[in-house]
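Enquirer: Copied straight from TrEMBL:
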type     : residues : note
REGION   : 1-24     : region 'Disordered'
REGION   : 65-99    : region 'Disordered'
ACT_SITE : 191      : active site, proton donor
ACT_SITE : 324      : active site
DISULFID : 387-419  : disulfide bond
ACT_SITE : 433      : active site, proton donor
ACT_SITE : 458      : active site
């Protein structure tokens, strides 16, 4: 077989002059590189560090430019008069009158605006207001720093209620005063996340004002060091300046709290969406994956988890304090994903099934309650915080397995009824912090340190969900009953927005 001829063009032959020119160029390049190296060696340490720092700054600026090309910001949302159908106004005159009293439209300050105006006058910029002393106040959950927690936390309520002048006042304070760069304070990761980051993100989504997103991201970056633990389960507290974290001294075996590290998911997922930075999503998904691998006694999630060892602390499970919002966020993570986060939904369904089996009981008179599981025993006590679960069960009815939608809607109604009884059985018609179901006592507080009401919104929240799902007028009436106890205290910032929306269509 004949070999094919080589059809490539022959390489051109360099002339003697061209070879000499090439050698001269190589020699010159070599000498120049050698000279540059000698000059660098002669430079002082300070000069070299300055050059390195300049190069770092250049790289950071380039990364920022690339980061800015991430997800496009949301378009500004036009400010409607009120959020909701019919411009947010109910058609019934009697209902509209009640809503106006709660929101305060008309002659006399009543609830929301009274609370806001009083804070504006006596505690502006402080985290909270002492209404009797008429002075600003802060708590250790915010590190005794004046960060305007009430302003940030109330922004979305102001917007939804149509109090846009007050909303703009809050926005102006945030633009001029809310800066976390120099804050040397130890704060609660959980509280700062739900109130500050959650409040700022809600204000951003409602108004489209970029300042809220920027402040939320600035603060979120300050929380990230809390996740620097052997397991990735964050500390309960973190210093915003040093990044040093720790847990509450009272927590079992130095543990982190389920309701705290389990209530970061929604805000952190949105932070990744808005910034294009995957770190926030990765942090909360790591928590979920770690929990999925752990053994759970009787299918229940204990409230305490040690961030160093990855082991459960005391086997105490509750749907109230220490556990509550973990379950709430599982369900809402599924809803937030347009029902595509099936892992969140399955985790929620499995948890609720175990809760039904071990914690939910009926009293002798037929009141459905949710107890607490402590070291293998059921404590027949229900906290005010647990009353949110009625609304959660109703919200989770859609998408429930094995056609259990009707069952969970009914369960939500039963919890709402029990929690209303805890209000109705008091002299003032305001529910206690906790109430028991034993020794012939039902839905009443026994201990003196449980007979107080601190403006918790969970009962009103459940009324709101049940009204939305059933339109049974009794839920509106129950909400109005709570609102009418206005002569006792007028500091209703926590509950008035729920009552207001409950009285809508």
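Glycine residues also receive a Cβ, built from the backbone N, Cα and C atoms like all the rest.
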Enquirer: For a quick check of understanding: among the active-site residues 191, 433, 458, which residue's Cβ has the most other Cβ atoms within 10 Å?
Expert: 458
Enquirer: Which residues of the same chain, at least 6 positions away in sequence, have a Cβ lying under 8 Å from the Cβ of residue 419 (disulfide bond)?
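Expert: Those within reach of residue 419 (disulfide bond), by Cβ under 8 Å and sequence separation of 6 or more, are 384, 387, 390, 431, 458, 459, 462.
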Enquirer: Write down the Cα-Cα distance for residue 433 (active site, proton donor) and residue 191 (active site, proton donor), rounded and given in Å.
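Expert: Here the two Cα atoms are 20 Å apart.
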Enquirer: How many Å separate the Cα atoms of residue 433 (active site, proton donor) and residue 324 (active site)?
Expert: 15
Enquirer: Within 10 Å of the Cβ of residue 324 (active site), how many other Cβ atoms can you find? Include all protein chains, please.
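Expert: A 10 Å sphere around the Cβ of residue 324 (active site) contains 24 other Cβ atoms.
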Enquirer: Reduced to three states, what secondary structure does DSSP give residue 433 (active site, proton donor)?
Expert: coil
